[in-house]
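Heads up: the structure comes next, in structure tokens.
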Amino acid sequence: VSDVKASPAHSTLALVEQDSEDPWDLPELKDTGVPWSALDTKGKVLRVLVSVLKFIILLGLLYMFICSLDILSSAFQLVGGRAAGDIFQENSILSNPLAGLVIGVLVTLLVQSSSTSSSIVVSMVSSGILTVQVAVPIIMGTNIGTSVTNTLVAMTQAGDRSTFRRAFAGATVHDFFNWLSVLVLLPLEVASGYLYRVTKLIIESFQIESGEAPDLLNVITDVLTEAIIQLDESVIGGIASGDSDARNKSMIKIWCQTANETVRHAVSCVRFATNCWQLKNVSVMSNIKKCNHLFVNVNLPDLAVGLILLALSLLVLCSCLVCIVKLLNSMLKGQVASVIKKILNTDFPFPFGWVTGYIAIVVGAGMTFIVQSSSVFTSAITPLVGIGVISIERAYPLSLGSNIGTTTTAILAAMASPGDRLANALQIALVHFLFNISGIILWYPIPFTRFPIRMSKSLGNITASYRWFAAVYIILCFFVLPLLVFSLSLAGWQVLVGVGVPLVVMLIIVVVINVLQKRKPGFLPAGLRSWDFLPLWAHSLDPWDKVVVAFTAKCCCCCKCCQGSNDDQGHEEQESVEQSTEMQKAAYDNPAMAVEKEVEDETKIELDIIKVAKL
């Protein structure tokens, strides 16, 4: 029996195996300039000064990039923070583990900050609104939601196919790790309470005292970000806790320094059946000092301010990212590029090659601890993967370390909780930490189990051929799928199981058949050795690509037509202005000729009116 293999172009589920040709070799960044040895003294000094200047500009761009991510998070909190608080308030829904997972994803997408969404969860657990068991799936969801930022950053590199292939794969390797970890650990948690039991045992075993989370990179970035906007993040937590006063309160912080003062206040009373007044000590919150940011005195609703900041932060973020990529391409040439790539991508000699990946995990955790944001770190290495400085194999452990780094910051933040809330707050932070450690144990130590690398490379190949599929992937994985699961959860367990189980079983069957088609087609019946028995649109992206190309071409044509009509109208107006100017000039030079020309025009207009009337 002849082996028949399905063409990769005809498979929309190629996320489990990469193509036979390996397009993932790091490109050679050729040095097109004059060699160092050919330069004279003046040229060498000039090149050193230019390199130092480029490095300073690069640091400035990275600073603006990190600040724009911080402002972007604030903008999303202003736009979607109240909705996030309302979602968290539905306690009956949160008791469903799948609904809790999806709510964690959606809320993190709304506020674009896993630390914000996890802090809300911690505050709700501390106040007794949620139990630790209910909060565990939500924490898993926040881990997924935070990985969308670097995926969006990769979209800015869609101009070049090879760069986009590597950048999108380097970003989505983080996504696949989080999704696969949830697929294994969420059922395990529901069945056994593994994360809850282990973290509770840790909390009970150690006498942990309260502490304070350190400010590292925030000391530098807050100088700029707090001059633009400052938020009162307790408003979202108040809405989630059901505080009616928080719902009517603006998230934009107005007073940065307040104090509780005790004043004597006259209070009415009744004594001997007569009204009387008596003085009592009353605690009053007094405002001392106003904040000094741009929107402190602006009379705009939170939504309007959020949309303004969203547009500006996206503009700055994309501009900085494009400039960083171009600057890195100009800096990383010749020997500099080879040295950097060798340091980042070379393994230790045998038999210690396996240590390299774990060192990368430690480096990723340390760098994320410094910047205090996994989104910032993974978004920063995404363009480096795109231009070919870091390989996918090295970006994967760096991303895993980033997941650990962001949980250590959460642990330190939880240790700053009051004594009566410390145990629950710290247990939730440890759940996040243990979840990522368990995921690393599942998907990293054994090379065969590093499925996220293969899946991200396959997705990178697809998006390189069909760049519009990257947007489809983001919309499906981070919006449509969570909303679908959330809707089914609202309908009840019966509907969720009745609809979800057949879909999951069908997906597993399709993936297994797809793997067998590529590896062992002889194990399948002749009819299943390819997907050609299905309609072309059901197993190939080519028909969809034609639709997208036709649609975009039509839109571009409409835009060009509109632009052309505007240009023609502008040209006609310009010609009329020029003719009027010429007539005025002629009238100034020869008044008699101007009068004669005006009479001819009036006669022509009268004749046109008579013709129209006859018709």
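Even glycines carry a Cβ here, placed using N, Cα and C.
Keep in mind that this is a model prediction, so the values were computed, not measured.
The following features are taken from TrEMBL:
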{"type": "TRANSMEM", "residues": "45-72", "note": "transmembrane segment"}
{"type": "TRANSMEM", "residues": "93-114", "note": "transmembrane segment"}
{"type": "TRANSMEM", "residues": "134-155", "note": "transmembrane segment"}
{"type": "TRANSMEM", "residues": "176-196", "note": "transmembrane segment"}
{"type": "TRANSMEM", "residues": "303-328", "note": "transmembrane segment"}
{"type": "TRANSMEM", "residues": "348-370", "note": "transmembrane segment"}
{"type": "TRANSMEM", "residues": "425-446", "note": "transmembrane segment"}
{"type": "TRANSMEM", "residues": "466-485", "note": "transmembrane segment"}
{"type": "TRANSMEM", "residues": "491-516", "note": "transmembrane segment"}
Review point. Per the 3+ Cβ pairs under 8 Å rule, pairs at least 6 apart in sequence, do the transmembrane segment (176-196) and the transmembrane segment (134-155) touch?
Key: yes
**Study point:** Recorded stretch that, among 303-328, 348-370, 425-446, 466-485, has the most CB pairs under 8 Å to the transmembrane segment (45-72)
**Key:** 303-328
Point to revise | Long-range environment of the transmembrane segment (348-370) - Cβ separation under 8 angstroms, sequence gap at least 6 | key: 216-217, 376-377, 394, 397-402, 404-406, 408-409, 440, 444
Revision key, fill the gap. For the transmembrane segment (303-328), the distant same-chain contacts (Cβ-Cβ under 8 Å, at least six residues beyond its ends) come to 54, 57-58, 61-62, 64-65, 67-69, 71-72, 74-79, 153, 156-157, 228-229, 252, 295, 383-384, 386-387, 389
